[in-house]
Amino acid sequence: MKKELLEWIISIAVAFVILFIVGKFIVTPYTIKGESMDPTLKDGERVAVNIIGYKTGGLEKGNVVVFHANKNDDYVKRVIGVPGDKVEYKNDTLYVNGKKQDEPYLNYNLKHKQGDYITGTFQVKDLPNANPKSNVIPKGKYLVLGDNREVSKDSRAFGLIDEDQIVGKVSFRFWPFSEFKHNFNPENTKN
């Protein structure tokens with residue numbers, strides 16, 4: 001009986017250590033604050049952020065990431081442009097390297113927009129702190145925008161983000177449980 005109890009205690013302790021390691025070094029929880037990603041992610045929802053996988057697999061256009069906006073705040077936004085991309089918007093239409101891109105995650109907000117446009121017209125060189133002579137995203141930089149463009153504070157306001165600002169890629173939403181979702185890339189977005 002004592003041996004069986006000891007085995008249970010050791011098993012539970014090992015499980016907690018594994019959970020701690022996973023939570024500390026692989027996946028961390030994050031609570032969505034604000035409406036900048038609405039309706040994809042809503043205020044108060046909880047997501048799991050993969051803090052290692054994106055470093056080995058890289059970030060792709062369409063990934064949703066959490067990053068350090070400043071010393072006190074982390075933001076969650078969608079990657080629109082990666083290093084080497086030439087990005088521009090013309091009247092709410094995204095062009096990457098000269099090719100028109102679909103943004104299905106904007107469908108809801110386009111239908112319910114308050115003004116003429118939700119994204120507007122801009123090029124990489126128009127962003128704060130960007131090279132005014134180049135529309136190409138430099139190495140180690142990313143262009144990020146919120147899905148709710150009319151309220152989002154994103155690269156249009158603070159410029160491109162540095163790779164070292166990125167905390168990780170959103171892997172899945174786990175709260176509320178009824179809204180569980182594991183992939184936020186454009187081909188898996190329904191709005």
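Placed from the backbone N, Cα and C atoms, the Cβ positions cover glycine too.
Model, not experiment: these values are computed from the prediction.
Some features that Swiss-Prot has for this protein:
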type	residues	note
ACT_SITE	SER36	active site
ACT_SITE	LYS77	active site
TOPO_DOM	1-7	topological domain 'Cytoplasmic'
TOPO_DOM	29-191	topological domain 'Extracellular'
TRANSMEM	8-28	transmembrane segment
Measuring Cα to Cα, how far is LYS77 (active site) from SER36 (active site) in Å?
8
In three-state terms from DSSP, label SER36 (active site) for me.
coil
Using all protein chains in view, find how many other C-beta atoms are within 10 Å of the C-beta of LYS77 (active site).
24
In the chain carrying SER36 (active site), residues 6 or more apart in sequence that have Cβ under 8 angstroms from it
TYR75, VAL76, LYS77, GLY146, ASP147, ASN148, VAL151, SER152, LYS153, ASP154
LYS77 (active site) -> DSSP, reduced to three states, gives strand
Would you list the DSSP helix, strand and coil counts for the residues of the topological domain 'Cytoplasmic' (1-7)?
6 helix, 0 strand, 1 coil
